[in-house]
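Database features (Swiss-Prot):
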- K40: active site, proton acceptor (ACT_SITE)
- K40: N6-(pyridoxal phosphate)lysine (MOD_RES)
- R140, M315: substrate binding site (BINDING)
- Y268: active site, proton acceptor (ACT_SITE)
Amino acid sequence: MVSARLRKTDLVVDLKALGANVQRQREQLAPGSRILAVVKANAYGNGMVPVASALARAGVEGFCVALLDEAIELRDSGIQELVLVLGITPVEYAPLAAAQGISLTVGSLEWLKNYQRLAKEEGIKQPLKVHLALDTGMGRIGFTTPEDFKEALQLVAAPCFEFEGIFTHFATADEEDATYFERQRARFDDFMAVVTKRPPFVHVANSATGLWHQKSIVANTIRMGISMYGANPSGVGIKESFPLEPVTSLVTHATYVKQLKAGESVSYGATYTAKEDEWVATLPVGYADGYPRRMQGFYVLVDGQRCEVLGRVCMDQMMVRLPKEYPVGTEAVLMGRSLDQEITVTDVAEYAHTINYEILTGMGARLHRRYLG
């Protein structure tokens, strides 16, 4: 995929803000607690390797990714800290992880037994680092009974494993009603009752838990995800317990400016028709870049002023109404600040009837990433 350096459009990533968010989260944690920075999905669209490198300098203790391929890319880029693959990796690829000191998530007895057999057959000497996943109510992956978990604890004592962690994931930590959260927390306690010796990393807190439930959790590690990138995990549902600085901005420049006459229409389906003469700018950003097609009627910022998105967003371009004639090359902010005005990723998500996670992770590969700090 081409990173388009020759169009004046940047996804701007503020690494100082990223570090500030990590520091603010750390201030909320008990002394000695550790942070695993979640950099899966290209660091939520921000660029995995540059973001991880900045976070390593900021002192995070490790990283979480979704795929073994992502973990290998981090190792290849020089990242030496713990790297945990949160998804399930096929057993046949586990030797690659063992060779590079990459930690894998395990959620079944069958997987552990299959790897034991594979390690013996292939003569693998390097122990595989594993984190045992517990399904306390997310219903996704993990051991579902304390009995199976207890057997897993016995299996990971084998020489082919290095038992590094235990974790679960809360399904409703970003909601005001804590009933289901408390049910999951109690279920986690049931699992932990069979543990005779805790591994180095016990992590149950995601971004939402870190913002609103951290003091009720007995664990030594937090997985910091979307809050690290300056976005509220609940969207607009619950106010953050500490301030977050937005990390990601999307900035472009007008490629075409014209006067639209009354009665003339704009974009596919002719869904917008001018009621009077007005100035219109074409911007070189579209839904192929991750800006949602359904944003007609929303706005961008030009010179600190809200400028309405006219018609449907196209694959590569979009049109906005200007308050007056502006020259080609005028800056337009789709996410971020312009003078005293701001559009957050959550603002975009709310208008698009989705979540801020989807907007960030959907930022396209052809957007040129520009890093500050």
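Just so it is clear, glycine is given a Cβ too, placed from its N, Cα and C backbone atoms.
Put plainly, the recorded positions K40, R140 were compared by Cβ crowding within 10 Å, and the winner is K40.
DSSP classifies R140 (substrate binding site) as coil under the three-state reduction. In this structure the alpha carbons, written CA, of R140 (substrate binding site) and Y268 (active site, proton acceptor) are 40 Å apart. The CA atom of M315 (substrate binding site) is located 25 Å away from the CA atom of K40 (active site, proton acceptor). Within 10 Å of the C-beta of Y268 (active site, proton acceptor) there are 11 other C-beta atoms, taking all protein chains into account. DSSP assigns M315 (substrate binding site) to coil in the three-state reduction, placing it in neither a helix nor a strand. Between the C-alpha atoms of Y268 (active site, proton acceptor) and K40 (active site, proton acceptor), the distance comes to 35 Å.
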